[in-house]
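Taken verbatim from TrEMBL:
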type	residues	note
ACT_SITE	Cys127	active site, acyl-thioester intermediate
ACT_SITE	His402	active site, proton acceptor
ACT_SITE	Cys430	active site, proton acceptor
DOMAIN	78-315	domain 'Thiolase N-terminal'
DOMAIN	326-441	domain 'Thiolase C-terminal'
Amino acid sequence: MTVCREKKDSDVVIVDYGRTPVCKAKRGMFREYGNDYLLFFVLKNIVNRNFKVGDKIGESGIYGGGVDMKYKQRDEIEGDKVCVEEIGDIIFGNVLAPAGGSMTLRMACIHAGIPYTTPFLTLNRQCGSGLEALEVLSGKLKNNRIKIGICGGFEFMTKDSLSVKYDVSTELYLDDRVKKCLLPMGETAENICKKHNYTRKDCDIIGYLSHKKALKAAKDLRYSEQIIPIPVSDKGKVYKLDSENISDDSLSKINTSGIDNINEENFVTEDEGMRVCDVEGLGKLKPAFLVDGVCTAGNSSQLSDGACGMLVTTRDFAREKNLSIKSIFVDYCCVGVDPSLMGIGPVSAVKKLLENNKLGIEDISLWEINEAFGVVLAYCIQELGIKIEKVNKWGGSIAIGHPVGSSGARLVGNLICGLESGCYGVVTLCCGGGMGVAALFYKE
């Protein structure tokens, strides 16, 4: 449905977006690398495409030394120059990394040529973290505290596991409501299947469609404008810090025997998770969480490594700096739900979001609903009355993968690349602990 929306100088707008390929955790192409490496290339890409970097490069100046000044800047081609010092804040979502990934973000910023004087923040709203980062940054823009900023999400599930054991005080553990927060996510999905009578075939069909649409999108090069090629070579391998001093000599001793063509850089340019499958084949997989369960590896999201970022500003600043607007970030909503039914969160969040903006389901032209589990998508489609052809038209997290801190931002990228002019789109995710997040976008 095409609509005309009033333009305001204060509108929060997305002017650039990029992401790494999403690779399989523990056995994919990124397994010997890390969060910092992936995040660095996302930030470097955004910096190189949009900003002028000052002349002071190195430890004695205010800039890190990683940015390659030989890259052609966007402002050398068109428009007024945007100085990297104008970045007001950098906010990223992360769920599993030590210390919330804050030092990972800081190191990546410095190496990408972002000034030491630019503040940074990581936050955790579980699977909605990447989307929450956009909401927090937009608040600073709306309040005129900053003019432009970068946000997104990152996760390296090869190293950082979802299997966290919590120490719970006896006082709290005796409360049955509290125990719901400790349920594995797969069991909460099984609870939805049982309560709302979703069958194995219902969920397998969702899994099949996710792979089918993702494969077609990849073949049609739909992801090409999003994906940042990531070099994989000895230079990117993780160096395990210990008591010895870091030096050129010690770095030369890193074992690179597992990497082919170490003198050349190979590039990862495609997502790894999608595969050819059919409903019959998916039906032969064993249940992943309960012996007689519905959820399997074929109808649930994959553990993955990945990062993505967005350059966000206001309409008036974008106009001043001649930055092209990809989408308008209209509104955001977050709600809480029963932790034992975590996957129902998007329905409540979407209803509140649309009510706040006086819109109906029929007003939304495109949906990106995170496929944490196939049953989550099935439930959202049924409860909200969405036409399935409007949902995840380029595939979802079952096929592509789900780096939990990153997916909220990845869904935004997919939406704004697929949304047609004059249309509204919605991104929504369920979140661990019992939450739902949803955001409304408009493309002019």
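Note: Cβ is positioned from N, Cα and C throughout, glycine not excepted.
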Q. For Cys430 (active site, proton acceptor), which residues of its chain lie six or more apart in sequence with Cβ-Cβ distance below 8 Å?
A. Cys127, Met342, Gly343, Ile344, Gly345, Pro346, Asn370, Ala372, Val376, Gly436
Q | Neighbouring C-beta atoms (10 Å sphere around the C-beta of Cys127 (active site, acyl-thioester intermediate)) | A | 32
Q: Pull the DSSP breakdown for the domain 'Thiolase C-terminal' (326-441) and write it out as helix, strand, coil residue counts.
A: 51 helix, 34 strand, 31 coil
Q) Across the domain 'Thiolase C-terminal' (326-441), what does the pLDDT come to on average, as a whole number? A) 98
Q. Which number gives the other C-beta atoms within 10 angstroms of the C-beta of His402 (active site, proton acceptor), all protein chains shown included?
A. 27
